[in-house]
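In what follows, a structure is listed as structure tokens, so that the remarks can point back to it.
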Amino acid sequence: MIEFQRLHKSYSVDGRQIVALHPLDLRIGPGEVFGIIGHSGAGKSTLIRLINRLEEPSGGRLLIGDEDVTALDSQGLRALRRRIGMIFQHFNLLSARTVAGNVAFPLELVGTPRAEIDARVAELLARVGLQEQANQYPAQLSGGQKQRVGIARALATGPQILLCDEATSALDPQTTASVLQLLAQINRELGLTIVLITHEMDVIRRVCDRVAVLDAGKLVETGPVTEVFLHPKHVTTRRFVSEAEHLDEAELHRDFAAVGGRIVRLTFLGNGTYEPVLGRIARDTGVDYNILSGRVDRIKDTPYGQLIVALTGGDQTAARAGFVAAGVQVEDLRV
């Protein structure tokens with residue numbers, strides 16, 4: 001368990017106090033993949049770097065298990081950091097070392113015997129799929145391969161927590177997907193707690209269990225990804241979701257003006273996503289429907305679908321009740 005208790009961070013710039021992170025309370029459970037999303041300057045990197053005290057808090061407490069991280073001395077902090085791995089947006093690899101040498105580096109720093117280092121490096125390179133690149137140098141690797149080296153290096157000391165600071169921001173979409181699949185696999189197989197920061201809701205949707213949304217240094221929304229993604233409450237969260245779904249709200253409302261009838265958003269979750277509910281209810285109630293927007297996808301391992309439809313004619317009250325009875329969430333956009 002990682003627990004933030006009124007933790008906050010301020011800087012002094014030219015005699016002025018700049019608040020990077022307002023006091024917040026947050027819990028991250030053991031074995032979770034927890035996402036933190038926000039625009040540039042929202043406080044994401046500050047928050048994640050408080051966990052291993054690369055940033056020093058201005059106040060509040062941070063607990064990892066029963067240990068108060070904010071009270072640790074230098075010796076305790078070194079021990080803590082061996083239990084926390086970290087990967088970065090720009091990889092931070094040592095250019096003069098081979099792939100194997102980069103992965104070995106944290107183990108060399110703590111005096112691990114060479115035979116153990118060699119065995120551990122071989123194991124980690126197999127885990128991230130880079131056995132063939134062991135003797136290559138970072139300049140010879142693709143961006144995705146460099147990040148896989150970063151992941152292997154972060155796992156070298158057997159951490160309990162993995163911090164990912166914009167780990168996919170420098171990668172193309174296909175490589176991003178493969179790196180996220182690797183992180184999900186590591187979470188499943190090793191039981192690591194993963195804390196991931198990003199400015200992309202699509203990254204959160206693919207891999208995270210829960211999410212916190214930051215805006216101007218404040219925690220504005222948090223909860224399970226399915227709930228936050230499908231029913232965003234704060235305006236910042238709604239913007240992130242619209243960007244992920246490639247929805248232009250202004251354009252959508254112009255479409256509303258061009259059609260008649262009652263307009264609703266239908267949300268399907270789980271196996272019901274693939275049931276022919278809309279057609280069945282239309283037949284049963286005599287309601288005609290016009291699909292204005294639609295999407296079927298997954299939130300981590302859970303299928304979901306969203307349709308925005310215009311309903312005309314028939315018994316629309318019965319149709320609405322039929323959707324609810326079938327487990328479909330109904331939101332009226334225009335009655």
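Quick reminder: no glycine exception, Cβ is built from N, Cα and C everywhere.
The secondary structure of S45 (ATP binding site), as reduced to three states from DSSP, is helical. What Swiss-Prot lists as ATP binding site is G38, H39, S40, G41, A42, G43, K44, S45, and the listing cites sequence analysis.
Residues or ranges marked as domain 'ABC transporter' by Swiss-Prot: 2-241.
Each of the binding-site residues G38, S40, G43 was scored by the other Cβ atoms within 10 Å of its Cβ; the lowest score goes to S40.
Most Cβ neighbours within 10 Å, among the binding-site residues H39, G41, K44, S45: K44 holds that distinction in the structure as shown. Counting only same-chain residues at least 6 apart in sequence, those with a Cβ under 8 Å from the Cβ of A42 (ATP binding site) are L214, D215, A216, G217.
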